[in-house]
Amino acid sequence: MINIVLFGPPGSGKGTQAQNLIEKFNLKQISTGDLFRYNMKNGTELGKLAKSYIDKGELVPDQVTTDMLIDEVKKPTDTSGFIFDGYPRTANQTEALEKIVKEILNGEISVCLSLIVNDEILVERLLKRGETSGRTDDSNEEIIRARIKEYYTKTAEVAELYKQQGKYVEVNGVGGIDEISEKLFAEVEKIK
Ligand code: AMP
């Protein structure tokens, strides 16, 4: 079983690379951001609660997020493992994930893959995406820079915990899509 925590700031190509990893290694992606958006779209109680935080740009409380993740991990799947995308974001969630993977999946986190792209390239990519995506948060350079900063502040303590476990691997996220995928694949092959 392979369980990957995928890290990457907005614009790092995380979505594209997650898709390639899923296909290559037969994994299931769990994105807490996507799960919240699904719940908000469907007007569930969880969605309403999450919206009150997400609209302010704040993190949803750990317990709510972790309970939602547990429900998702418990769903039957015939994949060979998971990609956790957007979770963990705090030290508390990092510990919770370790327990979840151990107790529910009888496994462990194999690796934390972190896509590295410098800020200027991220800003350039996001502004370009904003021209066609219609996402207002991709159209304003100030907001983009704030999101990038927020990402680094939030994930620093999580990265530190995986570093201590010798599971943190940085991969250069600048270059061709396939070239970057190959580098990620090679890292996963090492821990298979
Ligand atoms: P994302 O699509 O991963 O950027 O997530 C969108 C928003 O959902 C975040 O800004 C948070 O408000 C919330 N969210 C997603 N994942 C988490 C998490 N692991 N912990 C707390 N809040 C989260």
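Note: Cβ is positioned from N, Cα and C throughout, glycine not excepted.
Segment annotation: TrEMBL labels region 'NMP' over residues 31-60 (candidates 1-30, 31-60, 121-150).
Of the residues proposed, G81, G175, the one TrEMBL records at the same ATP site as G11, S12, G13, K14, G15, T16, R129 is G175. Pairwise Cα distances among G11, S12, G13, K14, G15, T16, R129, G175, the recorded ATP-binding residues, top out at 17 Å.
Less than 6 Å separates the Cβ from ligand 1 in the case of T32, V60, Y87, R89, drawn from the binding-site residues K14, T32, V60, Y87, R89 in sequence order.
Sequence-remote contacts of a segment are chain residues at least 6 beyond its ends whose Cβ falls under 8 Å from one of its Cβ atoms, and for the region 'NMP' (31-60) they are 68-69, 72, 85-87, 89-90, 150, 154.
All protein chains included, S12 (ATP binding site) registers 24 other Cβ atoms within 10 Å of its own Cβ. Take the CB of G175 (ATP binding site) and look out to 10 A: across all protein chains shown you find 12 other CB atoms.
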